[in-house]
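Visitor: Features from TrEMBL:
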DOMAIN    2-91  domain 'CS'
TRANSMEM  145-165  transmembrane segment
TRANSMEM  185-205  transmembrane segment
TRANSMEM  212-230  transmembrane segment
TRANSMEM  242-262  transmembrane segment
TRANSMEM  274-299  transmembrane segment
TRANSMEM  319-338  transmembrane segment
Amino acid sequence: MTLTPLVYWAQRHEDIYLRIELTDAQNIDVCVHENVLQFRAQGHGAKGQNEYEFSLEFVLPVKPEVSHKSTQRQVNITVRKEQRGWWERLTKQERKPNFLAPDFDRWLDESDAEMEIREKEEKRNRLKASRHTEDQFVSLKTGFLFMYNLVQFLGFSWIFVNMTVRLFIFGQDSLYDTFHTISDVMFFCQILATVEVLNAAFGVVNTGVFPTLIQVVGRNFILFIIFGSLEEMHNRPVVFFVFYLWSAIEIFRYPFYMLGCFNTEWKTLTWLRYTIWIPLYPLGVLAEAVAVIQSIPIFDENKLFTIRLPKAIGTSVSFSYVLCVYLVLMILGLFINFRHLYKQRKRRFRTKKRKAN
Ligand SMILES: CCCCCCCCCCCCC/C=C/C(=O)SCCNC(=O)CCNC(=O)[C@H](O)C(C)(C)COP(=O)(O)OP(=O)(O)OC[C@H]1O[C@@H](n2cnc3c(N)ncnc32)[C@H](O)[C@@H]1OP(=O)(O)O
C-alpha cells in the first residue's frame, strides 16, 4: 500500500510552495512532467518510518524545473508557474486530495500577495537607489583622493628633483639656499598634508589618526616654527637634509596611494613605500632634532615666543624649554610611528603572501 505524507501548499503570482511533513527525509525523488508533480522519499511521516509518495496534477501549466530543499523536519518544494497569475485552486481535479491542506504559515490571498510584491519592488528600488548613492560617494572619494595624492606627488617630486639638480650643478653651495628656493612649495605641500589628518579622522582612508597627527604636527612644527619664524635658520644646511629626507619618502608614498585608488599596485613601488622609511625615518627625525638644537640659542637670544609670567613671579620662560620638551616628544613620536609603520609593513606583506598562496 502506498503511503502519502501530509502536504501543505501556498502560492504567489509566480510560484507554488509545497511543504511535505516528513522528518529526516532521504532518497528524495521529485519531478514535474506534463504539469504533474511526482514525489517519492523515505522518512518519518504520519505512519512512522516508511516510503511515502504522492502525485499532483496542477490546474494550470507549470515549468518542468522544480527545486526542493529538505530540513530535518520537512521537505520544501517550489514549482514555477508557466504564466504569472493567481490560481483558484491547486489541482486539476476539483475535489482536493485528502493529504493536501493550505499552508497557513505562508498563506496569502491575492491582494496580500500583490502587496508583498509591491513591498519587495519598493525594497529593491530603495536598495538600488542607496547602492547608486554609495557608488557615487565611492567615485567622488576616489576622485578626491587621487587628485590629492597627485598634487602632493607633483609637489614633492618638484622639490626632490629641484634639490637633486641643484646639488649636481652647485655642489655644496646648494645646501645653503634650500629654504629660499624650496620653502614655498614645501609650505604648500605641508599645509595641504593636514587633509590627511581629516581623512583619517573621518574614515576617508583606513588608517589611524594619531600616527598621521604626529607626522603632520611634527613636520609643520619644524617647518613653520623652527625654519619659518627664524631667519637665522634659513641658510643652514640642515634645511637641505630635512627637506630632502621628507621628499625622498613622499615620491614613493603618494604614487603608491594613487595606484591604490584604482586597486592597482606595482610591486617594486609597494616594496619601496613600506621599506624606505626604515633608514629615512630615523634620519629625518635626526635631521629635525639637529634643527631644533641649532635653533635653541637663537630663540634664547631673540626671545621670540618667550612666555612672560605675571610680575609677581618676576621671570619669563624661554621658548627653548618648550623645545627641550619637544625633543623628548620627538623620540616618543619616532617610536610610535616607527612601530606603526612596522606593523603596516608586516600587515601589507603578510596579506600579500597569503593572497599569493
Ligand atoms: C598630538 C601631536 C603630538 C605631536 C608630537 C610631535 C612629535 C613629532 C615627532 C615625529 C616627527 C616626525 C616628523 C617626520 C619626519 C619624516 O617624515 S622623516 C622622512 C621619512 N618619513 C616617513 O617615512 C613617514 C612617511 N609618512 C607616513 O608613512 C604616514 O604619514 C604615516 C601616517 C606615518 C603612516 O601612514 P598610514 O596611512 O598609516 O599607512 P599606510 O599603510 O600607507 O596607509 C594605510 C591605508 O590607508 C590608505 N591611505 C592612506 N593615505 C591615503 C591617501 N592619501 N590616499 C589613498 N589611500 C590612503 C592606504 O592605501 C592604506 O590602505 P590599505 O591598502 O587598504 O591598507
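The backbone N, Cα and C atoms fix where each Cβ goes, and this holds for glycine too.
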Visitor: Write out how many residues of the domain 'CS' (2-91) are helix, how many strand and how many coil, based on DSSP.
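Guide: So the domain 'CS' (2-91) is made up of 0 helix, 61 strand, 29 coil.
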Visitor: Rank 185-205, 242-262, 274-299 by Cβ pairs under 8 Å to the transmembrane segment (145-165) and hand me the top one.
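Guide: Per the Cβ under 8 Å count, 242-262.
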Visitor: Same chain, outside the transmembrane segment (274-299) by at least 6, Cβ under 8 Å from its Cβ: which residues?
Guide: 218, 222, 226-227, 230, 232-233, 236, 238-239, 241-242, 245-246, 248-249, 252, 305-306, 318-320, 323-324, 326-327, 330, 333-334, 337-338, 341, 344-345, 348-349
Visitor: Determine the mean pLDDT over the domain 'CS' (2-91), rounding to the nearest whole number.
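Guide: That stretch averages a pLDDT of 94.
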